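Chemist: So that we are looking at the same thing, I have put the structure below in structure tokens.
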Amino acid sequence: MSGSKTEVSPDSNPRGIPRAPFITDVEEHIGGPNAEVEPVLARFQDALAKYRYMEHNLTQRKASLTEKIPDIKKTLQMVEFLKEQRDGKQAKTGEEDDLEDLEDDEETDSEKKPIKMTFELNDTLYAEAELENTDTVYLWLGANVMLSYEITAAIELLRSKLKSAQENLENLVTDLEYLKEQVTIMEVNMARVYNWDVKRRRIQRENEAAEKPKKSSRHARSYFQRKQPPARRRSVLSSPVSTIVGGDTKTPILEDNESKGETMVKRESDAKLGIARLANAHDGAVAESKGLDDSSSSELATTEHEGHSQDLYDSTQIDPVYHAKARLLGDAMDEIGMGKYQWRLFVAAGFGWFSDSVWPLLSGLILTPVVNEFNVKTSYLSLSLNIGLLVGAAFWGLGCDIIGRRWSFNITLFLSGVFGIAAGGSQNFVTLASLFAVVGVGVGGNMPVDSAVFLEFIPASHQYLLTVLSIWWAIGQLLGALVTWPLIANFSCTSASDCPESENRGWRYVLFTLGGLMLVMWGIRTIVFRLFESPRFLIAHGRDEQAVRVLQEVARINGTQCSLTVEQLRDAGRKAGAVAGPEFCESSLLDEKDSNKVGVVRVAKRSLQETWIHVKALFSTPKVAWSTSLLVFLWGIIGLASTLYNSFLPFLLASKGAHFGDATLTTTYRNTVILALTGIPGAFLAGWIVELPTVGRRGSLTISCAATAVFLFATTTARNSNALLGWNCGYSLFSNIMYGVLYAISPEIFPAKDRGTGSGLTSIATRIFGVLAPIIALYADISTPVPVYISGALIIVAGFSALLLPFEPRGKASL
């Protein structure tokens, strides 16, 4: 610790902005080696918030003057022109006029001739007019005030206003530079105090450890290492002071695991400090000019207490106010734990996976009897469904970040059920395709909404269950095949040449059955299980009280406790907002109170504005933008490959079976059931693989994509029906792993306040490419291996692209 004292400098700049003192001796400043640092940090925070407020006001004044000065110049030129025209003189070229000469000219000029002027009425329309030659002009002074001035007085007034505005602008520029220096000094002060406190505590722990017997010390360390999972232990980072000077913006979060759980630094310390937000080259130069050297920085061993995981984002990559509150919510959810509410939600959210699996598969399962009855091309039914899926993904995915998760979660299954039943009564193909498109609107919202809902209610230690949820995908395929098999086999035409409706009602019975099942699932979601609004959505919209009430209710259902209070949330938000600057606020553009006061058109306009804000947040930094773009790309090409193959798999099985001499409907649907059963273990394998330290989410996605593509290519080598079935079983297993990982990694990477929008964008991508799949099939002979080759190649590209994702969610808490 330095032995010098605090530097003394003038109290303020010429306009009264106080100068921030630079602290060189932390121990002396806080009052001794055992003094508390929290009061000092609180004072520094208050001062920093005031500097931020002044900076915000001066920036606004600067913008106002920047716009005002050109207007003054333009008005001055006009008044000088009127004076010249009145006196019959040539325009003066200098900036200063001799006012005494102008007054003499007024006395000698007795005749006043009209002044000819040209007015611009439109971009290409001008008109000439004559104005009365007058000695007075009217100047608009603002605030509905206009005064009459003699021309000479008006010129003098405008020149004085112009000079004053220019001087004020120069002062504002100087003051803003001065304020930036003071902000940097306060941030460096906070970092020095913070690091000093960390170093002091580290020395205390080392001294305590040195006093214990070596044997018990080794035992304690080995016990701690066994209790602390590898994914939960953080690496060693440099101190905040060194990161300010160097430009790296990492702020460590520390807790003392070895001293009876004493908290060294609370989880909201990022919100308290926020140092990294202004760690640019200029700030580093200012810090170094104030005598900051690397020797004052201490190396920090950053480990968290048992049960907590590292955050996927830091406060420099997302809204710091939301980041501070989300960390507290994460702690509260860890405190509540995995219980009854989450397991019930596992089932209710699984219905979305079930629906998203069964309806696209159904368009292939009923394809043959529909084509026989209506005599249409095979691709149009899948095309109509994918158009609906595209609309649903866009509407529900982007909308759930605005209207909330709960409404979207409860409505999607209802749409699928009602219009699925209606589709069974279609009397022509146009009606069937139109109703299938509406079914797709409901189905398209399931995955973006349901994945966000489930992830935002489970503790970080159980995020892998989002991957296991894909078991409902396999169950959907299995149940869809089991329902379709007897109905299509027993109530369908045997040929397309003679296929009346009365002999081809099997596909209608399938739609009635599965549409009714959707309504039963909707009833379970809305009546048996009650979904609360996502607390992360609530804090993103400034509704902290409701978020805390939701957490307390979940804790009550689980039989546990939740110690989080509204005051803690608001305090974390205020501190983060004060440090981050006035551009961040704690409420959304349109909360519930505001929405009741404005018209529908205005609500729609502001909703679009808020949607755009969510989209921009997903591209706020280069790293986040790259992550979002790559996820959209992955979903797009995997969606194209899988839709191209899965939608026509039953047709391919039937056609290949005909080639192998085994083309009965019973055999086709039997094989479909076997494939669905094979996919069920894939969900559990996916949940296990993603938690492997050396594999993680990215590695799991790459491995599963490669294996899926291998089995796809292998199907082209089949020489009999059993070989074809075997290769497709391998494809079913690994494709379920692939989709399980893909459906998990995307919502895990997106921050919760933009998660619906991010999942919506990825779903839109997969649906757009899903629309292309039937179009490709229209021009490609599906009796050849062409669709298989295209699908396999795309999946291989997706697998290697997954390795380029900048974030690895394994072992990190999603915010």
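Placement of Cβ uses the backbone N, Cα and C atoms for every residue, glycine included.
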Chemist: For the feature coiled coil as recorded in TrEMBL, pick the matching range from 43-70, 155-182, 575-602.
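Modeler: My reading of TrEMBL: the coiled coil range is 155-182.
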Chemist: State the non-local partners of the transmembrane segment (509-528) in its own chain: residues 6+ outside its ends, Cβ under 8 Å from one of its Cβ atoms.
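Modeler: Sequence-remote neighbours of the transmembrane segment (509-528) are 347-348, 351, 354-355, 358-359, 362, 365-366, 409-410, 413-414, 416-424, 479-480, 483-484, 487-488, 491.
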Chemist: Taking 379-400, 464-489, 624-648, 668-689, 724-745 as candidates, which has the most Cβ pairs under 8 Å with the transmembrane segment (345-367)?
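Modeler: Looking only at 379-400, 464-489, 624-648, 668-689, 724-745, the most contacts with the transmembrane segment (345-367) come from 464-489.
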Chemist: Determine which recorded stretch among 464-489, 624-648, 668-689, 724-745, 786-807 has the most C-beta pairs below 8 angstroms with the transmembrane segment (379-400).
Modeler: 624-648
Chemist: Taking pairs 6 or more apart in sequence, does the count of Cβ pairs under 8 Å between the transmembrane segment (668-689) and the transmembrane segment (464-489) hit 3 or more?
Modeler: yes
Chemist: So if I exclude everything within five residues of the ends of the transmembrane segment (464-489), which remaining residues of that chain have a CB under 8 angstroms from its CBs? That is, six or more out.
Modeler: 346, 349-358, 361-362, 365-366, 368-369, 451, 454-455, 458, 506-507, 509-510, 513-514, 517, 665-666, 669-670, 672-673, 675-677, 679-680, 682-684, 686-687, 690-691, 736, 739-741, 743-744, 747-748
Chemist: Looking only at residues six or more beyond either end of the transmembrane segment (624-648), which have a C-beta under 8 A from one in the stretch?
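Modeler: Same-chain residues near the transmembrane segment (624-648) but 6 or more away: 317-318, 360-361, 363-364, 367, 378, 382, 386, 618, 701, 705, 712, 735, 738-739, 742, 745-746, 749-750, 758, 761-763, 765-770, 772-774, 776-777, 782, 787-788, 790-792, 794-795, 797-798, 801-802, 804-807.
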Chemist: Tell me, what is the mean pLDDT of the domain 'Major facilitator superfamily (MFS) profile' (323-810)?
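Modeler: The answer is 81, the mean pLDDT of the model over that range.
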